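Pulled from Swiss-Prot, these are the features on record:
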DOMAIN    25-92  domain 'Importin N-terminal'
MOD_RES   SER646  phosphoserine
REPEAT    157-191  repeat 'HEAT 5'
REPEAT    208-244  repeat 'HEAT 6'
REPEAT    252-287  repeat 'HEAT 7'
REPEAT    430-469  repeat 'HEAT 11'
REPEAT    472-513  repeat 'HEAT 12'
REPEAT    560-605  repeat 'HEAT 14'
REPEAT    607-680  repeat 'HEAT 15'
REPEAT    683-737  repeat 'HEAT 16'
REPEAT    790-856  repeat 'HEAT 18'
REPEAT    859-894  repeat 'HEAT 19'
REPEAT    902-934  repeat 'HEAT 20'
REPEAT    999-1030  repeat 'HEAT 22'
Amino acid sequence: MDQQFLSQLEQTLHAITSGVGLKEATKTLQTQFYTQPTTLPALIHILQNGSDDSLKQLAGVEARKLVSKHWNAIDESTRASIKTSLLQTAFSEPKENVRHSNARVIASIGTEELDGNKWPDLVPNLIQTASGEDVQTRQTAIFILFSLLEDFTSSLSGHIDDFLALFSQTINDPSSLEIRSLSAQALNHVSALIEEQETINPVQAQKFAASIPSVVNVLDAVIKADDTMNAKLIFNCLNDFLLLDSQLTGNFIVDLIKLSLQIAVNSEIDEDVRVFALQFIISSLSYRKSKVSQSKLGPEITVAALKVACEEIDVDDELNNEDETGENEENTPSSSAIRLLAFASSELPPSQVASVIVEHIPAMLQSANVFERRAILLAISVAVTGSPDYILSQFDKIIPATINGLKDTEPIVKLAALKCIHQLTTDLQDEVAKFHEEYLPLIIDIIDSAKNIVIYNYATVALDGLLEFIAYDAIAKYLDPLMNKLFYMLESNESSKLRCAVVSAIGSAAFAAGSAFIPYFKTSVHYLEKFIQNCSQIEGMSEDDIELRANTFENISTMARAVRSDAFAEFAEPLVNSAYEAIKTDSARLRESGYAFIANLAKVYGENFAPFLKTILPEIFKTLELDEYQFNFDGDAEDLAAFADSANEEELQNKFTVNTGISYEKEVASAALSELALGTKEHFLPYVEQSLKVLNEQVDESYGLRETALNTIWNVVKSVLLASKVEPESYPKGIPASSYVNADVLAVIQAARETSMGNLSDEFETSMVITVMEDFANMIKQFGAIIIMDNGDSSMLEALCMQVLSVLKGTHTCQTIDIEEDVPRDEELDASETEATLQDVALEVLVSLSQALAGDFAKVFDNFRPVVFGLFQSKSKNKRSSAVGAASELALGMKEQNPFVHEMLEALVIRLTSDKSLEVRGNAAYGVGLLCEYASMDISAVYEPVLKALYELLSAADQKALAAEDDEATREIIDRAYANASGCVARMALKNSALVPLEQTVPALLAHLPLNTGFEEYNPIFELIMKLYQENSPVITNETPRIIEIFSAVFTKENDRIKLEKESTLGREENMERLKQFQTEEMKHKVIELLKYLNTTYNGIVAQNPVLAAVIA
């Protein structure tokens, strides 16, 4: 060996261990030494003979990296000499860390040699040595075997039986806990070898499964020995077990979860170990959700997590630490338990998690233990994201709990309540804001009396959330004192973080107030404009300063939507220019805010915003093409190439990061692109091709933008359709034999269609599948079958239907990616709300197709009938409800051309008359009414059982009686059930009044009017009322004063809707159509004519009502 070369290498390595000239030494190693095969024997020589242990260890680490690159370039005699000497020094080296470096080099060489059967005696000899008398020798042999298994080569498969026999013995070694831990880790890698085989050997799988209790014993031993490092390593093994084929894990997964729960709740155990246990349970929910749900472990997990969440925390840190990032990443048992509750509530049905949390509210909130009171409020705050519908149904318990929290004498409980309200408003928005009268005085009082900056901040954030969603007609009485308060808060705080929260609250007040904000608009801009001056100059600004500037942009644009174009006009151009400056800065957050500003202004100015397209769109395209992934490496291309050659997979991964800031920026830029396309219509056409090209790349390659990019693609398609004067929902019904849009428009639709369908069958991200189906459902509903087929080609329609069918059967890739072979599908388990959403959107595709295809849909539905009707029988209320609701909508789509009337009617009547869920019964009533309306066959046999069921529903004493019957019935569900039942009765009476006892039916019907939701059901109700008046039926004429009251309420709501449409913030009332009291102008005219008739017939009775007097004037 060249001694000079060896000396130079050793000196260079020494520079790294000493830290002197580190960068130069690293570059020298990469470029001058590691490219030469002779470096490998030299490094091994230093490993065995180096001057100090740190040098030896570094030489071993570097040698291991070079084995795969240079080993086969070394002559055979040198290779043989190295193998012999390494085995000798591995066992004779006194220092453990050097022994381990030596062992890993042996393992790397073994991986190279074993594949060609060039070192056949290595494994047998090590297995024999591992069974020897000397503890250190056994440990070293097992460590080498473990390192070999860790490097993973399929040539080790021939030794699986020997490994299982050895490690099943050494895992119980009485003299060394380290040997036991290494054996457990080695067994983990053996499991990968067993799985790697073409067919899993059942005997080997059984032997491995039998070793799991021994792994658990090792975990118990290392915990008792306070060996946190080994405890972590064993938990890593358990996490890997979750990914194994169920043949290898047997029935032990449930036992492992229960063991982890015991460890998690044991406060005597080291905190880090308890966190590992909680993280294991989170992993089990991720990878073995079906097993957890099937075993009904959710309640046990929830109770344990609540117990851990109640543990004492550092109160001072909680109240004064403004670092929210640190809070989210904190790994204490308490914080990990809250994260577990958050994950469990999103993965498991509400019956297993959210309902358990709600059950614990009374006891925990009344506890003398302040940490229990804090924990239950935080538990509610995380449960709402995973189970919003269930939490909404429990508002009678949850709202009082949060109010009690706000009134609590302990600041940390107040803080938890504020966090809870913030999260509730995030997920349930206007439903929470309905309680503004209870919340606002308490929150303002907390702001006024806050002694801790975190409480002040969260109180402002909670205020912000409430203000944003307070109803338009409720905000007015608060505006004047609130705006004065917010201006004062802005002036009296120097902290950018706190000012940021206040600015958001001002924006939210504007959002809620709409045109009522105009008197405060100029003053608000005066207060805020100083935060966005010299927008491009950000040098020296803190993150909070930049966030304040960005937040100000976003909220001023929200004000623009509130006060609308005329009031905003004088500020528009200078602020758009400032936003353009923001987009050109180096700050991703400022660029993001600039795009948000542009998106809002496009909403306000629509086609008038077109002049800005030529400057804004190139910046949007530039942003969308930014890399979300970064490879962090200091050096030139030559250095990078050298590093890539020598680095292992782990080192390469460590250099690779995802920039979430860029992802957020791209998401907002994509949303801005949507608004510009929809707002500027034909002015956007020159940019369509480039938009689709860039967005398609994002759907294929992006880390966090795929769903948003796909939504934007369809918004671009929509803008093209609107620009070509295609009116939504005015397309030819049925299968299109040709194209009813021009060729250019069709080409854009086809491109979007291809993108959406491209990987749908193999898509494993549930959120992406939901997005694809939502987009298809929305676009087909608005623009017809051309969205999915054209010119007689139904191949894409068939492909989409196949994917919808697989979702409804539960066999789509996104539903089976974590499927567990030993867990049968169990319909007794309620669906999680995410699963329910997936089924909902799949059914919504069918509903849209039925509307677009009308009678032609019957051919499509024939394949779906068994699955849809099968869902009627599901034990999951969510699945039953959405399936019954969808079937009812399908009846509406097919109308008189429905060949399945008898079958659908029979199935829906069973649900109406027997289902325990009010929501399901209400949905069934809707469908039964429609089927009766459109049936061409004799359906008189269903009248008696259906009317009996409807009377029971409509005659319920009050809403509380219904709520007591079905604990999950929200006010919305109750109102919807009333509307559907009323509409059903009216349709049946219109179809065959002889079969309906009108004397009893009409008073019961009128008792539930006016409707609070489901206003489309007014159509048959109004038709029935008019028909009865035409017949001069005393059943209705005797009710004339009541009819006047009802129509007065209807026109009041219609007037409110029109006022809301004119005065509320642009885009706030997205479902304005649902508030329409009359589905057509024709129906409105007919009602007005009826009112005029009643006024004449009944001595001016209608004119006496001030609302209706204006209507008939």
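From the backbone N, Cα and C atoms, a Cβ is placed for every residue, glycine too.
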Taking every residue in the repeat 'HEAT 22' (999-1030), what is their average pLDDT?
95
Tally of helix, strand and coil residues over the repeat 'HEAT 6' (208-244) according to DSSP?
31 helix, 0 strand, 6 coil
Residues sitting near the repeat 'HEAT 11' (430-469): Cβ under 8 Å, six or more positions beyond its termini, same chain?
318-322, 392, 395, 399, 402-403, 406-407, 411, 414-415, 418-419, 421-422, 424, 475, 478, 482, 485, 489, 495, 497-498, 501-502, 504-505, 507-509, 511-512
Contact set, same chain, for the repeat 'HEAT 7' (252-287): CB under 8 Å, 6 or more residues outside the stretch:
209, 212-213, 216, 219, 223, 226, 228, 231-232, 235, 238-239, 241-243, 295, 297, 300-301, 304-305, 307-308, 311, 331-333, 336-337, 339-340, 343-344, 347-348, 818
Summarise the repeat 'HEAT 12' (472-513) as counts of helix, strand and coil residues per DSSP.
39 helix, 0 strand, 3 coil
